Structures are given as C-alpha cells and as structure tokens.
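Undergrad: Residues annotated as active site in TrEMBL: K11, D141. The domain 'GHMP kinase N-terminal' annotation in TrEMBL covers 67-149. Residues or ranges marked as ATP binding site by TrEMBL: P99, V100, A101, A102, G103, L104, A105, G106, G107, S108, A109. Feature annotation from TrEMBL assigns domain 'GHMP kinase C-terminal' to 216-291.
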Amino acid sequence: MRSYSLLASAKINLYLEIIGDRLDGYHELAMVLQSIDLVDRIDLRAIGTDTIRVRCDHPQVPPDKNNLAYRAADLLAKQFPDALAKYGGVEIAIHKQIPVAAGLAGGSANAAAVLVGMDLLWQLGLTQSELQELGGTLGSDVPFCIAGGTALATGRGDQLSPMPDCGPLYVVLAKFRNLSISTAWSYQTYRQQFSSSYCAPEDLDCRRERLHSGPMVGAIAQKDRSKIGQLLHNDLEKVALPVYPQVLQLREAFDSAGVLGTMMSGSGPTVFALAESQERAEEVQERVKSAIASPDLDFWVTKFSNTGIRIVSDGN
Ligand code: C5P
C-alpha cells in the first residue's frame, strides 16, 4: 500500500489532578481522558525520496520539526533506517478540525496517526504498546491518542488503564479563536503557586493519600452521567481562571445553561460541557452563544468516542 488516510480523535480531560513532582522534571498526574468525535484527517503517502514532508491547511501548524507529526515520522525514520531505505520517505497532509493549542491534544493526535499510519505504510508490524512506547517519547498525550476511548492516565499521563465506555454523552466545546495557553506555562505556574503541597517523587504514601480520582472512576463504571458531570475536575483551572477571564466567562456561561457539568480541558483554553442528548447540547450551544455574543467565539458539538485512530482508506 502506498497511501493511507486516518482520522485522529481529540481528547478532553474529565479529570486532571496534579499529585506532585517526578524525578524526570514532569508532574505526576492522575487523569481520566476521553476521546471525542472531533477529528483531524491525516493522509500519508509514500514518496520516492528519503525525506519527510508535512503540509497542513491550518496556518498556525508548522511544517517542520516543531510539528509533532513531523517528529513522529522522523522518530520512525531514525529507528527503522532499513524501512526508510526500502519504502522511501513520506508526505503527511494534515486536515485540521481540532483547534490548535487548545487543550484537546490535537498535535498529539496527529503524531499518533502518523505512528499508526507509518507502521502500516512501512509494514513494521509494531504492536499497539510498542507504538505507544515510541509515542510517549514525543509527548505525554500521544500514547492515549493511539488507544483512544476512556482511560485512567497516571505517571506523566502516559501510563494508561483502559476504562469501560460510559455510554453516549454529548459534548459542547467553546474556545475564543485568538486565545491559546501554553501547556508548559500552565504547569510551571502551577508549580510556582502550589509546589509546597506536592508529594515528593519517592513518597508513595503521600501519593496514595492525595489521589481523589476514585469517585470519577466509579461514576464511569456505573455509567452515571450526572455524577460524571458533577465530578469533573481540573487542577490547572486554578492557574488559568484567574489569568484568563475569557475562560472563566465560558465556565460561568455553561454553568448557567444547565449542563451536566463543565470544565476547562487540559491546559485550556477550551471549555467543554456535557449534555445528555445532541438536542440538549445544541440548545446549550445557542444559550452560551447568545449569553456571550462574541464574534471571536468558536463552538463545536460532538460526542464521546471509543476510538483514538481510525483508518479510513488504504489506497495505492
Ligand atoms: O509531554 P508534553 O510535551 O505534552 O508536555 C508539555 C509540557 O507540559 C512539558 O514541557 C511540561 O512543562 C508540562 N508537563 C508536566 N507534567 C506532565 C505533562 C506535561 O509538567 N505530566
């Protein structure tokens, strides 16, 4: 096969708790991650030369080493030089629907699709866990983006325990178009403000005591949608809400629209709300749209998804 098209799902964080420091300088986390049906399409095509080419229809996405999708292809080229010599380089075309720098793991999802697609294109025969291990070296969210669905993520976010599908739940997402928040800034600021309460890397008792993800895990196992809504949590809101009034405004507007629950996703600035039906989600969208009435506000209505990467065509 000389080309593949894949769909890569965005994720939201139903739960994000910062436990403490890690020896590698990252934060020890407990998260519940959920794939949603908002996808980018990634087209991969074998090209005659030994180069990696990236193009994207979104002006903010760089075509070079700053793009996680490029780095994913580069990683495989370095790990598997024989495959590069045999099959040649690859052209990666990214068709963006997932907003960029939004807390929805769009870049990680693109890298995940490149790993899955190039494994097929180069006939590497890697297992999902081998792909996830490679993905983990590119970014903390990449292993989850490969697996998709619902998962408890610990460590720096890359240690995954799959969780049961919690049934159909609808999601409204809103983001101010020109607002982005750097993930590194969020964690750094959190460290500056809250590191006195961090668990030390070797203090396992402290880590066990600090974990509060149990009730959310239970609510998902019971498919209790109102409880899932009530238990949404994200420690990074503590640094984002005071600095970005637009995020706070969205949180409050969703709250007033009578949703199952609302939260900032990841390091933001996207805010999501959960609703029990598509109709209800669309109603919430309209309410928040008219409450805020800003031409700079983008919305998406979507639903939970149980897949990370889907192969939609394997052309020649
Ligand atoms: O892993 P990723 O490249 O997505 O992380 C982006 C940044 O977020 C890191 O450079 C780090 O500053 C912060 N981070 C962290 N702890 C984590 C995950 C991310 O401090 N568990």
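Please read every residue number as a count from 1 along the shown chain.
Note that Cβ sites are derived from N, Cα and C of the backbone, with glycine treated the same way.
TrEMBL entries are annotated by machine, without manual review.
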Undergrad: Report, in whole Å, the straight Cα-to-Cα distance of K11 (active site) from A101 (ATP binding site).
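TA: So the Cα of K11 (active site) lies 13 Å away from that of A101 (ATP binding site).
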Undergrad: So which other residues, same chain and not among P99, V100, A101, A102, G103, L104, A105, G106, G107, S108, A109, have a Cβ within 8 Å of the centroid of the Cβ atoms at the ATP site?
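TA: Along the chain, the qualifying residues are A10, I98.
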Undergrad: Least buried of the binding-site residues P99, G103, G107, going by other Cβ atoms within 10 Å?
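TA: Comparing Cβ neighbour counts within 10 Å for the binding-site residues P99, G103, G107 gives P99.
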Undergrad: Drop a 10 Å sphere on every Cβ of the recorded positions A101, A109, D141 and tell me which sphere holds the fewest other Cβ atoms.
TA: A101
Undergrad: Which secondary structure state does DSSP assign to D141 (active site), in the simple three-class scheme?
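TA: Its secondary structure by DSSP: coil.
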Undergrad: Spatially, and counting Cα to Cα, which of the binding-site residues is closest to D141 (active site)? Options: P99, G103, A105, G107.
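TA: For D141 (active site), the closest Cα among P99, G103, A105, G107 is found at A105.
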Undergrad: Could you tell me the mean pLDDT the prediction assigns to the domain 'GHMP kinase C-terminal' (216-291)?
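TA: Mean pLDDT across the domain 'GHMP kinase C-terminal' (216-291) comes out at 97.
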Undergrad: Calculate the distance in Å between the alpha carbons (Cα) of P99 (ATP binding site) and K11 (active site), and round it to a whole number.
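TA: Just about 11 Å between their Cα atoms.
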